[in-house]
């Protein structure tokens, strides 16, 4: 119903349109670094780390942090007497409003007629009556099809594939 109203008011009646909903994505990234010029290798951070992510470097002069193990709790940063440990938290938020896009439905449906056994189970189960008999095979009416995937789901021979 909404698609029909939009199509009418925006002169899109002859187009296949799809509504993309509003969405929000929040990305969080954390980074932890050791300022080697400030590190005095006191070992306090090694002692307090709850996941043993901090060790001495191979030469023993500085500390290294295994970023795969680190849980970014911040305990090491708090005990560091020289503020050599820096935790960076980056936050990126993407907000997209609802949009209307034109869809070429032929790009999303593959009908492999060689696989089709003409059982018509897809035709009988299509909620939009978008499938019709066509000789000994079927034909999908793109104008009626809503890309719901029911035909793909129910076809026993995988003759209809939605991408």
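Cβ coordinates come from backbone N, Cα and C, glycine included.
Keep in mind it's a predicted model, so treat the numbers as computed, not measured.
What Swiss-Prot records for 30-59 is domain '4Fe-4S ferredoxin-type 1', and it gives sequence analysis as the kind of evidence. Model confidence over the domain '4Fe-4S ferredoxin-type 1' (30-59) is summarised by a mean pLDDT of 92.
Annotation source Swiss-Prot lists [4Fe-4S] cluster binding site at 39, 42, 45, 49, 70, 73, 76, 80, 116, 119, 122, 126, 145, 148, 151, 155, citing sequence analysis. DSSP assigns residue 145 ([4Fe-4S] cluster binding site) to coil in the three-state reduction, placing it in neither a helix nor a strand. Over all protein chains present, the Cβ of residue 145 ([4Fe-4S] cluster binding site) has 20 other Cβ atoms lying within 10 Å.
Non-local neighbours of the domain '4Fe-4S ferredoxin-type 2' (61-90) in the same chain are 27-36, 38-55; each lies 6+ residues outside the stretch with a CB under 8 Å from one of its CB atoms. What Swiss-Prot lists as domain '4Fe-4S ferredoxin-type 2' is 61-90.
With a threshold of 8 Å between CB atoms, the same-chain residues lying at least 6 positions outside the domain '4Fe-4S ferredoxin-type 3' (105-136) that come near it are 16, 142, 144-148, 150-151, 154-163. The domain '4Fe-4S ferredoxin-type 3' annotation in Swiss-Prot covers 105-136.
As annotated by Swiss-Prot, domain '4Fe-4S ferredoxin-type 4' applies to 136-163, with the evidence given as sequence analysis.
Minimal Cβ crowding within 10 Å, among the binding-site residues 45, 70, is found at 70. Comparing local CB density within 10 A for the binding-site residues 39, 116, 151, the maximum falls on 151. Of all the binding-site residues listed (76, 122), 76 sits in the most crowded Cβ setting, with the most other Cβ atoms within 10 Å.
Across the domain '4Fe-4S ferredoxin-type 3' (105-136), DSSP helix (H, G, I), strand (E, B) and coil residues number 8 helix, 7 strand, 17 coil.
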